[in-house]
Amino acid sequence: MDLEAARNGTARRLDGDFELGSISNQGREKKKKVNLIGLLTLFRYSDWQDKLFMFLGTLMAIAHGSGLPLMMIVFGEMTDKFVDNTGNFSLPVNFSLSMLNPGRILEEEMTRYAYYYSGLGGGVLVAAYIQVSFWTLAAGRQIKKIRQKFFHAILRQEMGWFDIKGTTELNTRLTDDVSKISEGIGDKVGMFFQAIATFFAGFIVGFIRGWKLTLVIMAISPILGLSTAVWAKILSTFSDKELAAYAKAGAVAEEALGAIRTVIAFGGQNKELERYQKHLENAKKIGIKKAISANISMGIAFLLIYASYALAFWYGSTLVISKEYTIGNAMTVFFSILIGAFSVGQAAPCIDAFANARGAAYVIFDIIDNNPKIDSFSERGHKPDNIKGNLEFSDVHFSYPSRANIKILKGLNLKVKSGQTVALVGNSGCGKSTTVQLLQRLYDPTEGKISIDGQDIRNFNVRCLREIIGVVSQEPVLFSTTIAENIRYGRGNVTMDEIEKAVKEANAYDFIMKLPQKFDTLVGDRGAQLSGGQKQRIAIARALVRNPKILLLDEATSALDTESEAEVQAALDKAREGRTTIVIAHRLSTIRNADVIAGFEDGVIVEQGSHSELMKKEGIYFRLVNMQTAGSQILSEEFEVELSDEKAAGDVAPNGWKARIFRNSTKKSLKSPHQNRLDEETNELDANVPPVSFLKVLKLNKTEWPYFVVGTVCAIANGALQPAFSIILSEMIAIFGPGDDAVKQQKCNMFSLVFLGLGVLSFFTFFLQGFTFGKAGEILTTRLRSMAFKAMLRQDMSWFDDHKNSTGALSTRLATDAAQVQGATGTRLALIAQNTANLGTGIIISFIYGWQLTLLLLSVVPFIAVAGIVEMKMLAGNAKRDKKEMEAAGKIATEAIENIRTVVSLTQERKFESMYVEKLHGPYRNSVRKAHIYGITFSISQAFMYFSYAGCFRFGSYLIVNGHMRFKDVILVFSAIVLGAVALGHASSFAPDYAKAKLSAAYLFSLFERQPLIDSYSGEGLWPDKFEGSVTFNEVVFNYPTRANVPVLQGLSLEVKKGQTLALVGSSGCGKSTVVQLLERFYDPMAGSVLLDGQEAKKLNVQWLRAQLGIVSQEPILFDCSIAENIAYGDNSRVVPHDEIVRAAKEANIHPFIETLPQKYNTRVGDKGTQLSGGQKQRIAIARALIRQPRVLLLDEATSALDTESEKVVQEALDKAREGRTCIVIAHRLSTIQNADLIVVIENGKVKEHGTHQQLLAQKGIYFSMVNIQAGTQNL
């Protein structure tokens, strides 16, 4: 009887899962060989208890799996009894009452069978519970061990390993990969054994009860298997193609979102949208082809299934009529084999999960087994009692493991006596920081040795060595806990008094006492709640509580403004007393009083001595000091280059900061914390996105209504096939009462043909159902994606500044949201229609044939349905709850891994490990509770079927004996309703996750409906006929929305008349680039106004306004297309003719270079223009700006990134471009702006000085000192 459960649930579950996983993955795995670990290795962390759990779980799974085939034996015997006795009940009701005898016998027989069913049900109840809960328990225990071991292994790796691995990847491994293992070693293994047991038991029962029929049915199975395999192959080929097309669309979107400022400034939104839609169209076409081919094969599969029913019934009936089998036997064989065959489908997702787990475990176990050369957990090595602090580097060579071919140190020799302060100076990238890292033994030198007190540091115990060293680095990392805890990381057993003493020494006591929570103030993620100077002082206190013998200060004050610098510097001078100190500084004024100053160049020390000695030598140090003569205001070129816009500067005032990231791969751990915030963001989003009704989503698909009509009709037909099957089945059983054999054979032939007919019908209905909904779904996905992309391009800059809308997050949203919504509309609707039709027609037919039994069964259906739904919910909910629970642990892990350098230099690995382990108890306790709950719901949903069989047939026999129903009607009612219910229970399992889809839809609609503050698509506002080009800023006040508390412009007023050139100068972060962004109307000022030709910018149409401006920025972004297309991007309002492109190129001095390229103007420039040099990119950007014939030209440090040679060429091009246009120039190289009509010096967001070059020099103010500093630079 359970055939249908099998057909409806499992068969379809089989399609569902194939589609989702197994085959498409196999297809992909062939392409890239995935490393898997051995089957048993996966369980290498199981102890005897786990093994016992797994052993008992497997035994019970096998027992549980054998239940259904055994039930079929009972069913067969019962059918025989019914059929034999039916002859006695063909008389009218009143007779049967008088002939009590056979009725009494039948009822007794039925009662006995009811007990058998109940017995089996009881067995299944226990077995299913043990199977699921024991496997889940064992998995939970092992996963906890794996997480601990894995985190421990990560913490003990050496730095070089992290440089190569990248920290973000490790975080995903710790969360996603471990949960893949957990998926693969838990209840899925039990399910697998259960399915395999069902398979074998089914076939064994089949062979014992009737081998002939078994062989005939088996002959058909290969064809069915083959059709499934072909189907899966087709699917995976199309899926790969579709993914490739979507990936291309994704790349376009990512490129546009990554360069959003350029796109908006040049009005390129529609161009990007068209490029995106072109790729989406391709994907859609492939998707539709996929829907056609996949559904043809699905139709064929159903045709084959029905054909096999027809053959089996026809052959079976022949055997029954020739008295070889009884009808019961034939039934037993038929259903046992079917159940057995379909159980294979159920094993597929389990095998898939297991393969995923083996793949994930390969990487994880590999890391666990990796033994680092520098092991901070090791107890080996010398642990000296007291350290004097004499350091010596002798002939040290070194290159970073991640870039082994670039040598950083090339034979470094340096001696530091105990208690001395040595300062290291030199250009960026010369090896200063590397020296500090080698001393902490974060790396080992490739040649040479480093010794402390004459002992090679490799002989020290690693932990001991690091405990005697205190480090304060340029970007101190604080952990998101309280101030006191942060200081305690310096030394675990430190008392509150010691903390206060250290804080006083670090000049931090006063500001801490002013905070409301004092020492218990939380510092936020990476110390975000504190200013740079405050963080720095806490880091110094943290280094001091260690009471280190050796203090390493790596640009400890570079991130500070003058005021905090003085305080921190005083703290450092106090801290240095009596300790051996190595200082790295770019501000040379801070190291004048060092005992020894060592000048680095190119990985070796070229000079050392005191300040006065080195000044006499006139070497490197002398040159560096001269550049900085003005002292107060460093304009050292080398940093300014790296600062692409002042936003970066605003985040961290340091000039050197960006430079360091580029220079030093070792700073990788500064990788943006945003990536790890993505998960949290999704939660933030969930909280504030209003939910969306299902109908609203459907409305988007309303143009495709004909597809929906056809699809729904077919789905209803598919649903009705099942009750039709029940009718034919009951009719066939009824044939085999006493009677004429020839008539029987004739009827059987007829019914077999009807089965075949149903098969042909199902081919068409399944194909049409799948195809129509599939096509409508593809159209919807394409539509949603392009609407979403369009809506994103429409947003204002402040929206893009929000970390929740980083390029990565937006690209992911574009890719996943639309697909998830499709999952919940197309196929889901089809399934709902199909299952409702199934249960609906089933109930109607049942009421017609036997309302009493139908009522009894309907009272049971809710239980079966609810149990099915609960089980599916449990399955889905598991992962979600675990994720929540794991977040606390994940936070600790993420923090430790991202800031691994800090953790290691503070020797706090053990502390983090114990915090992590403590946080794992929650998820583990959860998994125990979950194991039991899940076990109970699963066992109830599995056993209920057996109990309902018992009740149904016992009551059925009563109805038959009393003449209320015929036997065939009992079978009909029973199969129609039970199968309908089973289908309903399963519907929830293969319908894609509805909740996810709702969330995605909600997110998409909130995006579609968001009204940007400055709408780039808007047609409102004035479109003046002519524009002279004068620009005025009137008392403008502005802060960036993402950092509302950091003032940028504080009442800025300036004016530039038409045709004039205005130059803006000032230190980084003073608001120069902000002026350009306000003019482009990326943002609106908070107070004051920006006027163009006397009209307020807000009143002008945005598109018109931007069309008047041409912008060339310091780091111009080019798109991955040809040179001609990049230049033409300057004017997206029309198709730019080729001769104009050439003219612009000539004006920008780039034409001769383009002519030398083989493909000339059709040369592709590569991603972000990587195929070109800086100067070439810069000149193409100038040509791009000139194409639009702008009235106002904005040059934001357009030459700063260039070497002298290219600078000259580009500068000429710019001078040519400025003719007859209003021009606003931002420059750090003052020589380039001497001939500007007006020079404005900005400081702290206000105008401090203005005038021509000569006037300003005469004032001897800020501009004067800046020119002087740079005059020194020229002799470099």
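Note that the numbers count up from 1, one per residue, in the order the chain is shown.
Even glycines carry a Cβ here, placed using N, Cα and C.
What Swiss-Prot annotates here:
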TOPO_DOM  1-47  topological domain 'Cytoplasmic'
MOD_RES   Ser24  phosphoserine
DOMAIN    54-356  domain 'ABC transmembrane type-1 1'
TOPO_DOM  71-115  topological domain 'Extracellular'
TOPO_DOM  137-185  topological domain 'Cytoplasmic'
TOPO_DOM  208-212  topological domain 'Extracellular'
TOPO_DOM  236-293  topological domain 'Cytoplasmic'
TOPO_DOM  316-329  topological domain 'Extracellular'
TOPO_DOM  352-708  topological domain 'Cytoplasmic'
DOMAIN    391-627  domain 'ABC transporter 1'
BINDING   Arg403, Gly429, Cys430, Gly431, Lys432, Ser433, Thr434, Gln474, Gly1174, Gly1175, Gln1176  ATP 1 binding site
BINDING   Gly533, Arg1043, Ser1068, Gly1069, Cys1070, Gly1071, Lys1072, Ser1073, Thr1074, Gln1114  ATP 2 binding site
REGION    622-646  region 'Interaction with HAX1'
DOMAIN    708-996  domain 'ABC transmembrane type-1 2'
TOPO_DOM  730-752  topological domain 'Extracellular'
TOPO_DOM  774-828  topological domain 'Cytoplasmic'
TOPO_DOM  871-930  topological domain 'Cytoplasmic'
TOPO_DOM  954-969  topological domain 'Extracellular'
TOPO_DOM  992-1276  topological domain 'Cytoplasmic'
DOMAIN    1031-1269  domain 'ABC transporter 2'
Given the model, what does the mean pLDDT over the topological domain 'Extracellular' (316-329) come out as?
85
Please identify the stretch among 54-356, 708-996, 1031-1269 with the greatest number of Cβ pairs below 8 Å relative to the domain 'ABC transporter 1' (391-627).
708-996
Conformational class of Cys430 (ATP 1 binding site) under the three-state DSSP mapping:
coil
Among Arg403, Lys432, Thr434, Gln1176, which are recorded as binding-site residues, the nearest neighbour of Thr1074 (ATP 2 binding site) by Cα:
Gln1176
In the topological domain 'Extracellular' (730-752), how many residues does DSSP put in helix, strand and coil?
18 helix, 0 strand, 5 coil
For Thr1074 (ATP 2 binding site): DSSP state (helix, strand, coil):
helix
What are the DSSP helix/strand/coil residue counts across the topological domain 'Extracellular' (954-969)?
11 helix, 0 strand, 5 coil
Other CB atoms within 10 A, centred on Thr434 (ATP 1 binding site):
24
How does the topological domain 'Cytoplasmic' (774-828) divide up by DSSP, counting helix, then strand, then coil residues?
51 helix, 0 strand, 4 coil
Thr1074, Gln1176: which of these binding-site residues has the highest Cβ count within 10 Å of its own Cβ?
Thr1074
What is the Cβ neighbour count of Lys1072 (ATP 2 binding site) at a 10 Å cut-off, with all protein chains included?
24
State the Cα to Cα distance, in Å, between Gln1176 (ATP 1 binding site) and Lys1072 (ATP 2 binding site), rounded to an integer.
25
Other C-beta atoms that fall within 10 angstroms of the C-beta of Lys432 (ATP 1 binding site):
24
